[in-house]
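K.L.:
Feature list, courtesy of TrEMBL:
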- Arg26, Ala27, His28, Tyr29, Lys88, Tyr145, Arg149, Ser153, Arg214, Leu215, His216: substrate binding site (BINDING)
- 83-88, 98-99, 104-105, Gln127, 162-163, Trp208, Arg218: FMN binding site (BINDING)
- 64-181: domain 'Pyridoxamine 5'-phosphate oxidase N-terminal' (DOMAIN)
- 195-236: domain 'Pyridoxine 5'-phosphate oxidase dimerisation C-terminal' (DOMAIN)
Amino acid sequence: MTDRAPADRTAPDADAYEAPDPAAMRAHYRAQGFDVTDLAAHPMDQFARWFKEAVHAAELGGIYEPNAMVVSTADAQGRPSSRTVLLKQYDERGFVFYTNYESRKGRDLAANPHIALLFPWHAMARQVTVTGSVTRTGRGETAAYFRTRPHGSQLGAWASAQSAVIASRAELDTAYEELHTRYPEGERVPVPPHWGGFRVFPETIEFWQGRENRLHDRLRYVYREDGTWRIERLSP
């Protein structure tokens with residue numbers, strides 16, 4: 001709770017209040033759920049199952065970018081921020097994404113390595129939430145992934161001082177064009193020293209399945225110090 005008085009704000013346009021009432025929006029979830037007996041012993045194996053089904057749903061047009069995840073971080077003072085980032089790899093060690101280390105999330109994670117991920121697969125009435133901590137990927141691993149990116153995306157990693165205030169879109173476009181002149185298509189683009197990956201080591205992974213009457217299924221894996229996982233059911 002803060003003691004600061006709210007700042008003066010310009011009143012929103014009256015037309016803004018003509019939008020549909022979110023409190024009246026109610027989705028109907030399916031009757032079939034899942035139980036502990038349906039789960040894989042390791043959470044990354046269970047994630048692989050659900051991710052495969054999400055990719056299949058995307059191929060049918062039901063989900064857009066199933067590898068899109070909401071990444072939440074907090075700075076050294078505990079102030080949170082969230083943004084959507086694309087998952088680029090997962091295995092028994094956890095989840096990997098790439099970013100500018102000088103961006104807000106990069107600065108947050110340098111000061112506070114704790115992180116949360118959310119995969120919102122709304123069309124399937126499913127979501128996966130992850131909590132854990134991060135380490136940076138090695139430069140060799142980062143370079144190997146960087147080489148798979150389209151040429152334009154490689155240039156973009158240099159052109160954008162991510163999260164910094166810029167004067168205009170023209171400033172960004174000019175920086176990109178200058179880089180494109182320096183590194184035309186087919187020219188090898190060096191990996192920016194301020195750009196790379198984070199590997200998320202999960203401590204908890206929760207699988208949520210929507211059910212009727214808002215009695216959803218929530219099953220969570222919790223990491224133990226001996227390297228094994230405990231599975232528990234949470235009340236919805």
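In case you wondered, yes, glycine gets a Cβ from its N, Cα and C as well.
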K.L.:
Based on DSSP, name the secondary structure state of Arg214 (substrate binding site): helix, strand or coil.
P.N.:
helix
K.L.:
Return one of helix, strand or coil for Arg104 (FMN binding site), based on DSSP.
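P.N.:
In the DSSP reduction, Arg104 (FMN binding site) maps to helix.
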K.L.:
Between Lys88 (substrate binding site) and Tyr98 (FMN binding site), what C-alpha distance do you get in Å?
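P.N.:
Checking the Cα atoms of Lys88 (substrate binding site) and Tyr98 (FMN binding site) gives a distance of 8 Å.
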K.L.:
Cα-Cα separation of Arg104 (FMN binding site) and Arg149 (substrate binding site), in Å?
P.N.:
22
K.L.:
May I ask which residues of the same chain, at least 6 positions away in sequence, place their Cβ under 8 angstroms from the Cβ of Leu87 (FMN binding site)?
P.N.:
Asn67, Ala68, Met69, Phe95, Val96, Phe97, Phe119
K.L.:
Within 10 angstroms of the C-beta of Arg214 (substrate binding site), what count of other C-beta atoms is obtained when all protein chains are considered?
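P.N.:
I get 9 for this one.
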K.L.:
Select the closest residue to Arg149 (substrate binding site) from the following binding-site residues, measuring between CA atoms: Val85, Tyr98, Gln127, Arg218.
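P.N.:
Nearest listed residue in space: Tyr98.
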K.L.:
Have a look at the binding-site residues Arg83, Tyr98, Ser163 and say which one has the shortest Cα distance to Arg214 (substrate binding site).
P.N.:
Arg83
